[in-house]
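Here the structure comes first, spelled out in structure tokens, and everything after it is commentary.
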Amino acid sequence: MLKIERKPQPWPFLFGTLIWTWTFFILAGCTGQGWLQFPTIILTALGALGPMITGVVLISMGCWDTNLDRSARAFLKRSFNPRTLSLRWFFLIILFILVLSLIPLLLQPSVIAREGLFKGGTLLFIIIGFFIGALEEVGWRGYGQEALQRQLPVLLAALVIGVFWALWHLPLFFLAGSYQASLGIGTPAFWGFNGAIVLGSPLYAWFYNASGRVVLVPLLFHGLGNLAGELFTDSPPGLEIIVKALVVLVVISLSWGWMKIKLPGPGPF
């Protein structure tokens with residue numbers, strides 16, 4: 001009989017998430033429809049919920065720290081509880097999003113002069129981008145980061161999750177109508193997209209841990225970041241990555257004391 005360890009399981013989470021999501025994304029691609037067409041959108045949605053579903057399943061199996069949550073229901077309740085979010089962290093989220101979205105544009109004023117500051121994404125894409133991005137974080141940071149940083153230093157755990165996070169998106173590059181498909185395979189935009197994901201992962205880990213393991217913080221950062229991506233004009237990819245790298249470097253430098261070590265459980269650093 002398979003023995004299940006009663007503690008967080010980062011590797012089953014990471015590989016299980018890939019298997020779940022890739023299965024549904026590949027099935028969606030095999031329909032030959034655009035990702036928003038029915039019934040393909042159902043497959044796409046199920047795939048996108050992979051990180052959250054995998055985390056919840058593992059917690060339901062007992063693979064979790066009961067000092068954090070005694071059940072999957074308690075985990076979800078904590079993840080979405082607005083009372084866990086202070087105004088300070090809400091404003092920090094907004095500040096970081098504005099810096100990451102606007103600074104690259106302001107450094108290239110010709111783009112603003114030519115295309116304007118706002119591109120005005122469609123309401124449907126704004127809604128989808130917000131909710132899908134937000135729900136991912138219940139799994140990636142709420143379960144994955146928490147579990148892996150007990151085995152690896154926080155920064156290394158974040159980078160490993162960033163690699164899996166980038167791989168998680170891979171089938172979308174073959175799914176008609178998706179943003180990733182418009183970037184192409186092996187193009188500079190392809191590598192820029194995946195590099196930005198891995199590079200940004202430590203920032204999500206910082207939001208999660210520095211806020212006191214409040215899942216709602218990276219959840220909103222991801223959701224509102226996607227929303228900003230739909231509203232603001234696209235900045236030059238090179239500048240965007242440089243600005244993100246500088247922000248991440250500052251955050252890591254200021255938090256190096258605890259980002260270089262494992263965090264075995266809830267509590268102060």
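Cβ atoms here come from the backbone N, Cα and C positions, even for glycine.
These numbers come from a predicted model, not from an experiment.
What TrEMBL annotates here:
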- 12-35: transmembrane segment (TRANSMEM)
- 41-64: transmembrane segment (TRANSMEM)
- 85-107: transmembrane segment (TRANSMEM)
- 122-140: transmembrane segment (TRANSMEM)
- 122-227: domain 'CAAX prenyl protease 2/Lysostaphin resistance protein A-like' (DOMAIN)
- 152-176: transmembrane segment (TRANSMEM)
- 188-207: transmembrane segment (TRANSMEM)
- 214-232: transmembrane segment (TRANSMEM)
- 238-259: transmembrane segment (TRANSMEM)
Same-chain residues near the transmembrane segment (41-64), Cβ under 8 Å, at least 6 residues beyond its ends: 4-9, 12-13, 16-18, 20-25, 27-28, 31, 35, 71-72, 75-76, 132, 135-140, 142-144, 168, 171, 175
DSSP helix/strand/coil residue counts for the domain 'CAAX prenyl protease 2/Lysostaphin resistance protein A-like' (122-227): 87 helix, 0 strand, 19 coil
Stretch of maximal Cβ-Cβ contact with the transmembrane segment (85-107) [cut-off: under 8 Å; candidates 12-35, 122-140, 152-176, 188-207, 238-259]: 238-259
Among the ranges 12-35, 122-140, 152-176, 188-207, 214-232, the one whose Cβ pairs under 8 Å to the transmembrane segment (238-259) are most numerous: 188-207
Confidence summary for the domain 'CAAX prenyl protease 2/Lysostaphin resistance protein A-like' (122-227), mean pLDDT rounded: 96
